[in-house]
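Features as listed in Swiss-Prot:
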- Asp486, Asp492: Mg(2+) binding site (BINDING)
- 553-612: domain 'KH' (DOMAIN)
- 622-690: domain 'S1 motif' (DOMAIN)
- 698-720: region 'Disordered' (REGION)
Amino acid sequence: MFNYFRKELDLGGRTLVLETGKIARQADGAVLARLGDTIVLCTAVGAKSAKAGQDFFPLTVNYQEKAFAAGKIPGGFFKREGRPSEHETLVSRLIDRPIRPLFPEGFYNEVQVIATVLSHDMENDPDIVALIGCSAALTLSGIPFFGPVAASRVGLVNGAFVLNPTLEQRAESKLDLVVAGTAEGVLMVESEAEELSEDQMLAAVEFGHKGFQPVIDAIIALAEHAARDPWTLPEQNPEHVALKQRLNEAGRTLLGNAYQEKVKQLRQEKISAAKKQIIETLGIGGTPEESIAKSMLKDLEADIVRNAILDTGIRIDGRDTRTVRPIIGEVGILPRAHGSALFTRGETQALCVATLGTGQDEQVVDALTGEYRSHFMLHYNFPPYSVGEAGRMGSPGRREIGHGKLAWRAVHPVLPAKDAFPYTLRVVSEITESNGSSSMATVCGSSLALMDAGVPLKRPVAGIAMGLIKEDRAFAVLSDILGDEDHLGDMDFKVAGTEQGVTSLQMDIKITSITTEIMRIALQQARDGRMHILGEMAKAITGARGSVAATAPRITVINVPKEKIREVIGTGGKVIREIVEFSGAKIDIEDDGTIKIASTSEESTQKAIDRIQGIVAEPEVGKIYNGKVVKTADFGAFVNFLGSRDGLVHISELQQGRVNKTSDVINVGDVVKVKVLGFDDRGKVKLSMRLVDQTTGEDISDKVGPKGGRGGRGEGDLAE
């Protein structure tokens with residue numbers, strides 16, 4: 001019944017298994033990928049024909065994690081998986097990026113790739129398994145695909161690279177790098193690092209590329225037994241070949257002249273006018289050929305721009321290949337924000353705002369591996385006005401989530417330790433203008449905003465986007481690329497870091513692969529650009545401000561014995577709620593006895609501290625405390641002191657001399673001063689008012705005689 005095939009190989013000391021022919025047999029390609037007990041079902045399906053008028057490749061990649069994979073039931077009212085989480089979106093992009101360049105040019109059939117996590121062993125991350133499985137599914141499907149690709153994760157533990165580290169090893173690693181590519185070269189890199197050198201980053205990429213070579217061999221071996229017949233691509237229409245030639249003759253000069261304009265919006269207007277004139281000149285307006293011609297004009301644009309750069313070394317806006325656009329950094333531009341910055345680089349601009357919060361503001365993430373809390377968030381927004389358009393507004397899309405995470409990875413390694421700076425941090429980046437490299441503008445602006453907010457970063461962080469123009473005859477690496485250079489080029493290579501080293505690196509290749517030599521040149525050129533940008537940023541602010549903004553909460557940390565936590569919280573949280581209501585401060589209590597008190601008012605903070613210390617402090621014999629009478633009886637009065645602690649003032653200790661009734665001296669609600677005499681055999685506190693001057697709070701033990709009894713006078717009054 002099943003036409004089943006299986007391939008096993010060793011991957012970093014663990015067994016990777018690829019199976020096909022048993023599950024999802026109606027998909028064009030289906031592979032069950034397994035590493036340890038982590039299992040991902042990967043499928044690929046393609047439409048047999050393109051939609052009429054389609055002029056782009058509609059590839060969709062969906063990565064989804066099922067709660068049952070970790071033995072869980074989803075939360076929420078409906079108790080089923082809902083919209084993709086941020087993590088699922090990021091992994092979907094991780095799979096999409098290395099496979100997209102490997103479909104043939106002009107292939108416009110819809111293709112859908114789905115990766116479903118069926119089992120998670122809490123040791124092997126499913127993302128690499130999913131990417132490998134999706135590559136295998138496409139290779140088996142018969143869909144035109146110039147693969148296979150494979151991927152590996154590289155860690156750096158105790159100074160040595162580790163291939164596909166476990167979740168436990170990743171927690172100790174100074175590097176989290178994912179590299180994907182073909183047997184010949186690298187297609188995609190994504191990483192977070194603790195200020196590593198460019199040489200270390202390049203060595204990690206090479207280590208990862210070498211590490212996944214057996215996976216490519218295994219996919220090819222599996223395809224030899226189980227691949228479907230390859231699809232037959234339609235031959236190029238001779239009429240289209242002729243149309244392309246006519247467009248080249250009629251449009252090369254017009255488009256070339258339009259690209260001489262240095263200002264983005266004016267250039268776009270001239271390009272649009274040139275295209276319209278070309279269509280009119282050829283007399284194909286309103287015909288089926290018009291849509292085909294518009295698609296071909298994109299290729300002509302790319303050819304004009306790319307060859308101009310290779311021939312002259314001069315780019316669209318007049319720069320050479322290494323020059324960074326003019327930079328202006330400003331901080332403190334929003335008066336009520338905790339920290340703010342406006343970072344402008346040419347025609348790209350980011351308004352970044354930092355907000356400081358408490359532990360109650362941490363993001364709670366319910367992941368397959370368990371619930372955890374994140375105290376640093378970075379949100380990237382790309383409104384349509386940033387490119388002069390009217391468009392959709394709503395929840396963030398995949399691109400915004402991906403760019404935000406890239407900037408997060410760049411800044412995260414330089415944040416202070418949580419115990420040294422116990423704030424929850426949120427940075428929002430509003431892209432107010434865009435002409436390329438907005439994610440790297442976010443990195444720079446976020447660094448400035450955090451320093452403006454008083455966050456003691458280890459060092460400022462800057463980012464730069466590199467591009468590549470590569471033809472058989474030559475190549476050029478471009479620093480600080482424009483939007484058009486990103487669109488028409490062969491590489492988007494983003495590097496962020498400090499003056500000490502790289503904190504994040506992301507590379508996407510639009511051609512089949514690039515060489516180590518090109519990567520080395522790009523990394524060195526990026527370092528030069530990064531140093532220049534850091535110098536420009538230093539003109540705005542060189543380090544964190546000495547204190548947080550007046551509008552930000554001040555967090556004071558105190559520690560109490562672990563066994564006292566229950567007393568501070570109270571039954572059902574009653575005591576802590578009363579303290580919060582009384583003081584107006586926010587209070588976070590951790591299991592180890594650390595208590596964080598946050599308020600914009602010092603008075604509010606001190607009120608909370610006094611209450612808490614009163615609860616946890618132990619009464620000291622001989623010490624005088626302020627108290628309040630909470631109950632009276634024939635034999636004395638109960639006084640509340642040290643927060644919620646009560647003690648007994650015996651009637652003989654109320655005052656010097658004879659006392660007939662307790663109420664003759666004090667009543668409920670009276671504020672008094674008491675001295676701790678000791679503890680009875682049940683641990684109850686014995687107090688005295690008689691030995692304390694109730695006006696000054698002075699200890700007068702040496703000035704009074706023996707205590708008096710009930711119904712009689714004492715042996716002495718105040719000593720003369």
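Cβ from N, Cα, C; glycine included.
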With DSSP helix as H/G/I and strand as E/B, how many residues of the domain 'S1 motif' (622-690) fall in helix, strand and coil?
6 helix, 36 strand, 27 coil
Near the Cβ of Asp492 (Mg(2+) binding site), how many other Cβ atoms are there if near means within 10 Å?
22
Considering every residue in the domain 'KH' (553-612), what is the mean pLDDT value?
91
